[in-house]
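To keep things clear, I will list the structure first and then write my remarks on it.
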Amino acid sequence: MKRILFGAVAALALTAGFAAAEYPEKEIQGIIQWGAGGSTDTVMRSVTPHAEEILGGSVVMQNMTGAVGAIALNYVAEADADGYTLLMGAENPMLYKVMGLGDRDYGEFIPVSLLARGTPLLVANNDAPFDTYAEMIAYIKANPGEVRFGSTGPGGLPSVVTAMINAVEGELDVIAVPYDGDGPALTGLQGGAIDVMPAVLGAAIEAVRAGNMKALAVVDLTENDKLPGVQSVAAVSPGYATYLPWGPFFGVFVKKGTPDDVVAKLSAAYAEAAKNAEFIELMEGRGFTLMGISGAEADAFLSKWQQGTAWLLQDAGLTKASPEEFGIARPGQ
Amino acid sequence: MQKIDPDHHDGTSDATPGGEADKRRPGELAFALFLLGASAILLWNAYGIAGFEALSSPGAIPMATTAVMVVTAAMVALKTLRMPLDSTETLRRDILPLTVIVFAVLLVAYGLFLRTLGFLPVSAIFLIVAVKYLGRRSWGWTLGVSLAALAITWLIFRIVFSVLMPAGIVPEAEMVQALRSLFQGGAQ
Amino acid sequence: MTALMDFLTVLTQPQLLLLVGLGTFAGVYVGAIPGLSVTMAVSILISFTFSWDVHPAIALMIGIYMGGVYGGSRTAILLNIPGAPSAIATALDGYPMAQRGEAGTAIGVTTVMSFIGGFIGIGVLALAAPFVSDFALKFQPRDYMLLAILGILLVGSLSQGSLVKGIFAGALGIAIGAVGRDPLTFAERFTFDLRLMEGGISFIAVMIGMFGVSEALLQLHHVDKDAVRQKITRIVPSLATVKKHLPLSLQTSSIGVVIGALPGTGGDIAALMAYDHAKRVTKNPEVPFGKGAMEGLVAPETANNAAVGGAFIPMMTLGIPGDAVTAIMIGALFIHGLNPGPMLMIDQPDMFWFIVGCLVAANFFMLLFGLTGIRLFTKIVEMPRSVLIPLIMLLSIVGAFAVNNSISDVYWMLGFGIFGYFMRHYGYPLGPVILGVILSRLLDDNWRRAIISEREDLGRFFEGVVTSPLSLVLFVAVILVFVSQTPVWRWGKSKLFKES
């Protein structure tokens, strides 16, 4: 027992830098919005150790799941704005208001760093009677109410991509089978429980490479160099240009009101950490696009993302409340 | 009284810790009625989730299960009602002795003050009071055992597993940082 | 030949072997403390071993996993508080044995049986992984739903005393599992518009409260009585004992492997199903079930350790986690620059054999650490109750908080502790509540997926059940168990004709 304890303390001590009089004076809590083993968790746990080194402090990461991440968001929003509680999250909170999941979003936070964004990919079960995006659309139109799409609940990536497809191709009659995450849905896809799944590229790429499922199209303006030969949806239907590029993203946030020097220090640390070669290799291997933006640039990205997505869902009739109520302007206005 | 083992724990892990099968224990009827009432409220609440909207609605399974709860709770309540009261037992002695009430109150107080005072002070007070009350040993022994137990728990959960219990009035994060710097200094 | 070399990697490198051992040792303690879970330990290890090589990191994690699954049985036997959900069934017969002063025997049997189960799991992983994972993928939402119903029928096995009270408890469990925002539609269920309830109730918190706190409160009735003296004469079970239970352990291990390999079900469900199986096939146990039957230990412990090997099957062959721990390990492999997925076994077969090697080593360490230090462990139950009871309560509180770093889980835990205390007094079994909570989402989510896939058409749903061989087998099993094994049939008949 003693040995483990000592080892643990010693190893933790190694990661902590010199104790400085300025920030960080004590450990920082990193609240991860999603469960252990998920994409957000993996990204945060692989970038934070580099940031710790640069900060010269320790960041204790905890998973706080539940209510689509709203529990974690509220926890950080209710903590002191002193930079000792970080929110490590994904894109979902930007849709809480319109989906009726809460009255807070990233507007109450300062983006320390938006680390990366993902590209959605349409994958299908190997036995599905279509091999390309165009064939899929034709098949659905010929066989209404037969094709089963995986979904991860209102506001999740599949619902947004499906809304986009409906907006571009006209209303398609498909069955949306709900799953509680893209992992279980992709498992269901391989077993034939669903036929098509819009998923983030990184989650499906290994199974596609192994031939366990087939990629129909990349939901992007151009092909992706990780999957050469898979067409982009924009190449088939130019209408997608209005909505793309679109994708989920990961970021680290602090509550508004955090002192500027603290935010600057955190931003610098995460910006530097995101340049680490191992981290870059890791992210690119999974098909994520590195962003590493903060400050005004990040704010602009967030509001553009929110406008586009919220109005897309509103027009698809998937929202609980209109984006207008929350002052989210229609894109292009 | 002689018929019932005062130990009340017959060695099975999950069965009745006392009482006789064909008699009603003190408070049993009240508990059965409470469950029936609570089940009815839950059924109503489950109906409120989505009504009879669809077989696949989020309220379908909750409605089915709470309906089962209402039916079974009603069956239990009826059966309990028909059983004669066990006259050898009293609520005060067999179901809710003073010690249990004291501890229930201690636990609730613990929950109430956990956030404001913080984990370390509340746990220290809880352990000292509980060990002293149950053991009735000297203060030195009580303090020693309680604080040692707390220290070990804190080290395992806080240091090894990074479980951040509410710090409350204790500057825990600063303490841990200082501890780490100390180790750091020692190592270099 | 290279496979053999990779398999032996861990055994030939003292440093790796030491890490597996260290992990297993730590795992036994992590598993034994309610609220400290293997999932948590492994996810902390990810940040911890970040800068390490991939081999030592995996070696340590596998040790913790194996030790942790086993460790849950310790507190279940000694204190009637399962250290982890997969040890719930172990408490049913293990604790009565400890009450009779036979904790040493119980732990000995548990250890040896865990070892046997562990090996069968690893064996299937090594020899038949692709076959089993193909089979596991065939499970459709309706099959998972039927599996959940089969699980819910275990209420009959877990209810000592009144079956009606057992059914109530099971339904209560399912309802508890539904509290919070529904993960599929985000609708609020049983939240009473309180934000505190949005996140739902952690079932670990329910388990710790119902078993830990309620047991501690119950113990208050006899603080002054001396603790049961444990006689630790024979720890290692005799060869005859092992031989006698070998057929059962083989059957329950198979249950463990398959349930473990299914994505979405794990050791907890496997152990409960195995317990039920043992209860049905054992005609004349020496001691009745629930009073300390040896078979009641053999079944869950072989099954939950066999489920470890099972959980690695879809992970290694498809990159699909078999349970929460393997999900985190996939993340770890990914962070260490490997690409866990279907190609892993083809691109890097060495990793597969290395993991199998680590599992084998961890299994041996588990046997070693399981059979030693029992004397020290049993001292815990011999501690004065005036110290033990407050300590159990404190550990329950910290443990409930640790699950999701949430104070509301502590409140739930305390609430269910006090509620469970009354349930015990009035003869409501607690096992079915936990069973219900565990199975709640499996049942609910998959029912909805299945019926949505058939466009809300019950006719088409049943057509699917009858035309798919797998569903049909499960459906028949459900009917058979319902009619013959739960006493509903006999009970219902006798009640109807006798009383009214």
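Backbone N, Cα and C atoms are what each Cβ position is placed from, and that goes for glycine too.
Per TrEMBL, these features apply:
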DOMAIN    C:17-435  domain 'DUF112'
TRANSMEM  C:42-65  transmembrane segment
TRANSMEM  C:107-132  transmembrane segment
TRANSMEM  C:144-161  transmembrane segment
TRANSMEM  C:196-214  transmembrane segment
TRANSMEM  C:320-339  transmembrane segment
TRANSMEM  C:351-374  transmembrane segment
TRANSMEM  C:386-406  transmembrane segment
TRANSMEM  C:426-443  transmembrane segment
TRANSMEM  C:464-483  transmembrane segment
- Query: For the transmembrane segment (C:42-65) and the transmembrane segment (C:351-374), does the number of C-beta pairs under 8 Å, pairs 6 or more apart in sequence, reach 3 or more?
  - Reply: yes
- Does the transmembrane segment (C:426-443) reach the transmembrane segment (C:320-339), going by 3 or more CB pairs under 8 Å (6 or more apart in sequence)? no
- Item | Reported mean pLDDT - the domain 'DUF112' (C:17-435) | 87
- Query: Which sequence positions outside the transmembrane segment (C:144-161), separated from its termini by at least 6 residues, show Cβ-Cβ distances below 8 Å to it?
  - Reply: 92, 167, 169-170, 174, 262, 264-265, 269, 272-273, 275-276, 279-280, 289-290, 427, 429, 431-432, 435-436, 438-439, 442-443, 446-447, 450, 465, 471, 474-475, 477-478, 481-482, 485-488
- Item | Remote residues contacting the transmembrane segment (C:464-483) - C-beta distance under 8 A, at least 6 residues beyond either end | 138-140, 142-143, 146-147, 149-150, 153, 450, 454, 489
